[in-house]
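Student: Quick one: this structure, given as structure tokens, is what I'll be asking you about.
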Amino acid sequence: MDFSIKACDWTKGSSNGFLTGKSDCIVIGVFESQTLSGAALEIDAATKGLLTRIIKAGDMDGKAGTTLFLHEVSGIGASRVLLVGLGKQDAFNQKAYGDAARAAWRALLSTKIVQVTFTLAQLPILERSADWAVRAAILALRELTYKFTQMKSKPDTSARALKRIVFSVNTGDEKAAKLAAKQGAALANGMDLTRDLGNLPSNVCTPTYLANTAKKLAKDWKLKVEVLGEKQCEALKMGSFLSVTAGSVEPAQFIVLQYQGGAAKAAPVVLVGKGVTFDTGGISLKPGEGMDEMKYDMCGAGSVLGTLRAVAEMGLKINVVGIIPAVENMPSATATKPGDIVTSMKGLTIEVLNTDAEGRLILCDALTYAERFKPAAVIDIATLTGACIIALGHHNSGLFSKDDALAGELLDASREASDPAWRMPLDDEYQDQLKSNFADLANIGGRPAGSVTAACFLSRFTEAYPWAHLDIAGTAWKSGAAKGATGRPVPLLAQFLIDRAADGRATQ
């Protein structure tokens, strides 16, 4: 799809050719108050009160999500006009805008319309800008058009008719909106990669497949890539990481990707993604029901790859390193057993009380490995605990950090990206739950505060740099009829990196 921006000051009576320009459809918003403004007011004037008559007749009441196509409207260059209900004007916030945009796209995608003029991004949205609206509309459209059918015997290869979207914005918003359109398309491409990797079955998306995906990404976007095999990891004394792969015939892969967009000596942001391509729980076997969804236990890794793809396409002036410890967690005669003690790369010994708490075992060695990059910040992303789902459900990702400044940046990014996160506690008192009689620490701390003690475990390996942990167990995929990977938290991570690149620190 092609996205472009065109300035148009409706309020000043300057439509800049939008009314007479040729297109398949122009999208216009109508509030529930039935008061016309902006593009709707101009079109009403150009059509001698047509919209006013339609509203008075009750054909369009402006209620949120309603749509109405008008055909061959006299005085309008577009062959169709799509009216979209916006709901209450004084409550037109980001959610209402998103709902309106999705309603418009659904209506348009049900037709053979190819080229559209989209005016909704010019509407006044509470606490949001026009460039935000452009990017949000692009992401909403790309989410609706995403499909995963490549594993079917007859994949759906049909192309959507909709190809070209022109966003109208006010003259002063044009520059920012053009950047937002570029970033929105790049972000959608990154999210699609993350979704694809998550939705692939685990007999396809193995640790080796993730490594090959990273290599292809490096080739396509001129990134630096290194993949460490098990012998190299043994030489680095990654005993914790390797303990998880002990039961699998699939070789573990330790993947390192580097994007160099900032100054050569500028400290990078390191993203560490949990890459368990299938998690049976190991000897501490999971229940059979729903185990198929454990192919999504690599969504942290997928989000790192998707974020790096988006960042590379955006050309952000920042250095980013992606680290992915990739394994399968399988039961077998060679698998790690409950009660085994392993030694991490840092040298700390870990009593493995539960082999289903494996994510932290691979992440801790990756977090130690990250020290060599002298990072400005490290963020790990993991489908780590079911306890986080109990605490936060499926709306907010869990954010853990002792660094208030870093946590604040991530929360700001989550709000800007509409990819919500909620800060969770990380008090030292929780560390007592990880005490072991036989090793330096245990890999679980009991049922109370399970997501917190998991983050506390990781914090023991992050003393060398500012660090945050995102638990995405509740947000990385959906179950039920809408089963599939969401692409989160790529928007949050990308926005964090956009903000870091913009403030100048990343180029120093």
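Keep in mind that glycine also has a Cβ here, set from the backbone N, Cα and C atoms.
Copying in the features that Swiss-Prot gives for the protein in this structure:
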ACT_SITE  Lys286  active site
ACT_SITE  Arg360  active site
BINDING   Lys274, Asp279, Asp297, Glu358  Mn(2+) 2 binding site
BINDING   Asp279, Asp356, Glu358  Mn(2+) 1 binding site
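Help me see these features in their spatial surroundings.
Tutor: Lys286 (active site) carries neither a helix nor a strand DSSP state and counts as coil. Within the same chain, residues at least six positions away from Lys286 (active site) with a Cβ under 8 Å of its Cβ are Asp279, Thr280, Met294, Asp356.
If you draw a 10 Å sphere around the CB of Arg360 (active site), it holds 27 other CB atoms from the protein chains shown.
In sequence order, Asp297, Met298, Cys299, Gly300, Ala301, Pro325, Gly359, Ile362, Leu363, Asp380, Ile381, Ala382, Thr383, Leu384 constitute the residues six or more apart from Lys274 (Mn(2+) 2 binding site) in its chain with CB-CB distances below 8 Å. DSSP classifies Lys274 (Mn(2+) 2 binding site) as coil under the three-state reduction.
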Student: For Asp297 (Mn(2+) 2 binding site), which DSSP three-state class applies?
Tutor: helix
Student: Determine which residues of the same chain, besides Asp279, Asp356, Glu358, have their CB within 8 A of the center of the CB atoms at the recorded Mn(2+) 1 site, and list them by sequence.
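Tutor: Surrounding the site, in chain order, are Val244, Val276, Thr280, Gly281, Gly282, Ser284, Lys286, Asp297, Asn329, Thr355, Ala357, Gly359.
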Student: Highest Cβ count within 10 Å among the binding-site residues Asp356, Glu358: which residue is it?
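Tutor: Result of the Cβ crowding comparison: Glu358.
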